[in-house]
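Undergrad: I have a structure I would like to understand better, so I am pasting it below and will then ask my questions one at a time.
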């Protein structure tokens with residue numbers, strides 16, 4: 001190992017939402033004198049407005065600090081940020097692979113949460129040195145000793161030397177820096193071997209093209225070199241390399257062990273895939289770094305402009321977002337009810353919400369979204385297998401042999417008082433109980449196998465409301481399982497409304513269908529003819545409501561008189577209404593669609 005590499009430390013921070021990760025990062029940057037107080041912006045590393053608002057980290061932003069340790073040497077510390085949310089697990093695993101150590105930040109008053117656990121296990125798989133940091137010790141409810149015991153019980157790492165800090169008050173920051181220098185090993189690697197660099201993130205710059213954030217494992221990279229991507233085999237010429245002092249800072253070359261960025265006039269972030277290996281095109285390495293996999297969208301939904309004229313703007317906005325977010329996929333889609341729009345694929349629910357919110361906020365679009373769905377595998381009787389992400393493409397029931405749906409293993413961490421309601425919720429959502437273990441006396445770790453379809457809709461909200469916000473959830477994809485699923489169609493005035501079709505479990509179809517028709521009845525205005533609203537599975541109607549017609553009182557001018565006269569007038573009115581119903585069309589207002597998507601929130 002070269003002399004230079006002894007003084008490099010690459011580390012990441014693992015923490016649950018709101019346990020103080022970004023604030024701690026700010027303090028470390030401030031302490032190393034890297035930015036003046038004036039430049040210190042709260043939560044330097046969270047660039048998107050949305051990130052600050054929700055207090056979550058979505059896009060990673062690495063930073064390089066120089067720290068003069070107590071032993072008199074100057075160390076280069078590279079902090080690689082990790083997103084803390086389940087949707088971005090693969091991104092987290094790549095960030096972790098770029099480090100040798102991790103700070104595990106736990107809130108002194110709350111203890112460990114399910115998502116933190118998932119990320120810690122990832123870090124342990126990559127053999128990282130984990131330094132527990134118990135943050136927010138200035139809070140009156142802080143109980144560092146209990147949290148230490150939790151860390152030892154649950155994760156099984158020694159917490160006797162856990163650091164006690166308060167990032168907000170700036171307590172214990174120096175100890176954290178010293179621990180990074182002393183306890184995290186320096187990077188391994190050989191700068192004389194052919195270049196191998198791991199991409200752990202990328203973003204799109206209007207002038208320089210797609211910029212890859214890399215950790216150099218072997219070899220070195222400098223301007224003018226030709227580089228090759230392992231996954232696509234494409235070759236580019238390097239135009240700039242540099243490090244992060246939070247902003248991009250060009251340097252001559254990056255060598256093994258260092259963290260930095262590479263710009264090479266790459267037109268599309270699809271070519272700088274997270275987890276891919278970059279090598280020298282003229283002297284390539286034999287094999288890529290392990291662990292790369294293509295990111296597969298798990299959740300799909302249709303996004304349509306509320307105003308048809310916004311279609312082009314929506315397309316442009318999605319293309320711009322895709323420049324920075326390679327995991328977002330979309331294709332044009334049309335719906336008889338909603339007009340032209342796009343079918344989009346996301347990593348998970350949070351990802352979907354963020355994309356929708358950014359479209360509405362940053363591009364001022366008014367959107368209508370259809371109910372989210374997952375990818376089903378439909379096995380047809382002729383031996384064909386279809387992968388369905390859109391319920392409207394489902395073949396007729398007679399052609400289907402069976403359907404498989406994606407299953408996830410959910411880990412739920414919950415206070416003991418709420419175990420009952422949570423188990424009940426999981427059972428309602430077709431969960432299969434796998435096991436539970438008590439952590440301390442106050443909290444329980446529950447494991448369930450559940451269909452992704454049941455989680456994706458509003459499971460998280462329901463979980464939070466039944467546990468008053470105390471539960472935390474983590475899930476990982478397990479595979480596909482055969483299930484009894486049917487397509488539920490909604491007919492308004494005898495015509496199928498494609499935007500409302502959904503795939504549901506047979507046992508829940510009746511209840512779901514009934515709820516939707518009731519909701520639609522409230523939201524569709526009365527017309528001059530009566531409108532039947534029906535829920536159907538195939539050709540079988542399972543629920544019906546009728547929106548009564550508005551009618552004129554045709555008997556108003558009959559005073560007394562013969563009953564047959566009245567009958568004649570009523571019959572005539574009825575005939576007219578019948579004729580009207582055959583040729584009339586029903587406009588379904590936007591609110592009706594929205595009300596159906598929010599159905600489950602009212603439980």
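Cβ atoms here come from the backbone N, Cα and C positions, even for glycine.
Pasting the feature list from Swiss-Prot:
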BINDING   18, 19, 20, 21, 22, 23, 135, 136, 137, 138  GTP binding site
DOMAIN    6-188  domain 'tr-type G'
Undergrad: Just counting, how many other CB atoms are there within 10 A of the CB of residue 135 (GTP binding site)?
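TA: I count 30 other Cβ atoms within 10 Å of it.
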Undergrad: Measure from the Cβ of residue 22 (GTP binding site) and count the other Cβ atoms within 10 Å, all protein chains considered.
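TA: Result for residue 22 (GTP binding site): 23 neighbouring Cβ atoms inside 10 Å.
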Undergrad: Tell me, by DSSP, whether residue 135 (GTP binding site) is helix, strand or coil?
TA: strand
Undergrad: If you draw a 10 Å sphere around the Cβ of residue 137 (GTP binding site), how many other Cβ atoms fall inside it, taking every protein chain shown into account?
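TA: The answer is 20.
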